[in-house]
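Peer 1: If you scroll down you'll find the structure; I have some questions about it.
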Amino acid sequence: MAAEEQPLLGRDRGSGQVHSGAAADQELCIDQAVVFIEDAIKYRSIYHRMDAGSLWLYRWYYSNVCQRVLGFIIFLILILAFVEVPSSFTKTADVRYRSQPWQPPCGLTETIEAFCLLAFLVDLSVKGYLVGQAQLQQNLWLLAYFMVLVVSVVDWIVSLSLACEEPLRMRRLLRPFFLLQNSSMMKKTLKCIRWSLPEMASVGLLLAIHLCLFTIIGMLLFTIGEKDEAQDQERLAYFRNLPEALTSLLVLLTTSNNPDVMIPAYTQNRAFALFFIVFTLIGSLFLMNLLTAIIYNQFRGYLMKSLQTSLFRRRLGARAAYEVLASRAGPAGTTPELVGVNPETFLPVLQKTQLNKTHKQAIMQKVQSYEGRPMLADEFQKLFDEVDKGLAKERPLKPQYQSPFLQTAQFIFSHHYFDYLGNLVALGNLLSICVFLVLDSDLLPGERDDFVLGILDYIFILYYLLELLFKVFALGLPGYLSYHSNVFDGLLTIILLVSEICTLAVYRLPHSGWKPEQYGPLSLWDMTRLMNTLIVFRFLRIIPNIKPMAEVANTILGLIPNLRAFGGILVVAYYVFAMIGINLFRGVIVPPGNSSLVPDNNSAVCGSFEQLGYWPNNFDDFAAALITLWNVMVVNNWQVILEAYKRYAGPWSMVYFVLWWLVSSVIWINLFLALLLENFLHRWDPQGHKQLLVGTKQMSVELMFRDILEEPKEEELMEKLHKHPHLHLCR
């Protein structure tokens, strides 16, 4: 394009161009700098079209409104799984009591899905146009995006042509891709997992050898002889055949069925306990923890590579903006030399950048500290480090009172000792609830006398209300609301007050033998339980007042935004496995009396799927499938589910559940532990804390590891800029 052919630097702004052309060029430079800065802040690639029309489209596409709409469309197409056949609209997932669910008519969800696919097609078209044909052909994610859309559209057409009666909908399995491709951090996490797979596979091979060897040894040790009595045969049931033995030891690897597997053999001969102890020591305590260590080490290394790429993108985007905005000076007739970016040139760019007010003010203050002189490249780069820091909020000023009495009261109620008093009162309230729970544990709700507890609730809630009013008086309403703990405390206090007023209006004042009849949707006992539950939650207010607990809580809260990528990967895994499970196991779990495979309740084996009432663990709809997968991921009693599906669906169902265990409990949990450990180690490292500025806090994974990442060299940045297909520099 014409605008792209002109060099961005070195243009003679004093030439005889018409004023409108010079103004258009200057406006284009500003827009280019704005986009480069936004790319740097968001760690986006700068390899896209740079003409005026493309820049407008690019900024519109990455605007908050457009991205939120795209995020909602992704959420909408994923949530369709709860509505589509088989629908999850039943009160219970238990196959014994589940009613016939409402099923949407053919074409309803397909229409919504068509709208979503059309939106994704527009999304792909915009992305493809902005990066250009050359970049599009090299971008595997965009090519995969195109293929997923093609398969989804073809499958959608097949669904309509078969009147929504097709047995398999392939596009459901592909839906999580739309979530993956929209998150750069999820892509990096997935790439890190892929790079870590060889090392995981090596430990997995060791685990497989360990399992096979001990399975063979177990079969040799615990083989049932011809002369064994019936009770001995029952004791050795876990090693009846090779698949049974392998399954038993695999479950024992997760310690889920310990000591169930060991006790039958141990009962016969106490020396057999050594077999299970050695197996558990090698498998669970050594190899599984070795797998955790390897995943932590490998993932951390590959995560550093991904974050190094993000840092390079940040520096490259900032350097591109610097090159666009930098002025040149030099004697007449010589090649002008770069002298830097003037603050008056940069401030209009900063005003147009999509950035929150706090960070803009922080960057402006840093720019003003240069006292009007041009900023050099390193100084310009450091401006955008402010984006990763959350500045400490300045508390609003307290109200000014003239009366000495009011000033004394303000001092008392704003002192931290007043908070300690409130914590003691909250502790007393919690203890009183515990006392009554113990005293009334053997009584039915109708037999309990709630007179004393009701009076205590009134007294404590009255104190909480007075505490709220006193704090508002001392700090002022803006000052009171500036503390998150006060907002949490005040909100619960207001809810408690409203609940108590409703109780008074319906059931009047409490008195001895107070057992009124139920009026409205909630009984007196329900109202009391609701208020006491809120009081228990209110006790969490003590966390900010206990420093070690507050540090742990702040670390966890700071970790939550950085876990979105890991949470997204888990959502993708759940979604795909749930869809596969529905296609494989829908309808295989049948209620008692409907199949010869289902034993009568009286004849069910103790500890079996039927005897434990695990009927809701099925794949008859999407919601039930998610809960079943969750129960398997937790691995508590998961052998019961494995054994049941082996009976109902066949022995090959074990492959599905073992794969899910590997993906969720082994790989994902260990990746989560890796990030959690790194986060805690870094945040609690005294050296790390010394590097933080006073009044700031770390916000992102990139900043968390910034001190151990290598800064890109200027030569590398300039080489990449010169290779930009739509950007032409003079040097």
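Backbone N, Cα and C atoms are what each Cβ position is placed from, and that goes for glycine too.
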Peer 1: Compare the membrane side that Swiss-Prot records for Ser99 with the one it records for Asn269, and say whether they match.
Peer 2: yes
Peer 1: Can you check which of 42-62, 168-188, 315-335 Swiss-Prot lists as transmembrane segment?
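Peer 2: It is 168-188 that Swiss-Prot annotates as transmembrane segment.
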Peer 1: Below 8 angstroms Cβ to Cβ, which residues of this chain, lying six or more residues outside the transmembrane segment (168-188), approach it?
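Peer 2: Sequence-remote neighbours of the transmembrane segment (168-188) are 43-44, 70-71, 74, 77-78, 81, 84, 113, 120, 141, 144-145, 148, 151-152, 155-156, 159, 303, 306, 309-310, 564-565, 568-569, 571-572, 575-576, 579-580, 583, 701.
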Peer 1: When DSSP states are grouped into helix, strand and coil, how many residues of the topological domain 'Extracellular' (161-167) land in each?
Peer 2: 1 helix, 0 strand, 6 coil
Peer 1: Within this structure, do the transmembrane segment (271-291) and the transmembrane segment (525-542) have 3 or more Cβ pairs under 8 angstroms, counting pairs 6 or more apart in sequence?
Peer 2: no
Peer 1: Taking 3+ C-beta pairs under 8 angstroms (sequence gap of 6 or more) as contact, is the transmembrane segment (69-89) in contact with the transmembrane segment (271-291)?
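Peer 2: Counting Cβ pairs under 8 Å (6 or more apart in sequence), the transmembrane segment (69-89) does not reach the transmembrane segment (271-291), since there are fewer than 3.
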Peer 1: I'd like to know the mean pLDDT over the topological domain 'Cytoplasmic' (471-486).
Peer 2: 86
Peer 1: Short question: which residues 6 or more past the ends of the transmembrane segment (140-160) have a Cβ under 8 Å from it?
Peer 2: 106-107, 110, 113-114, 117, 120-121, 124, 127-128, 131, 166, 169-171, 174, 177-178, 181, 187
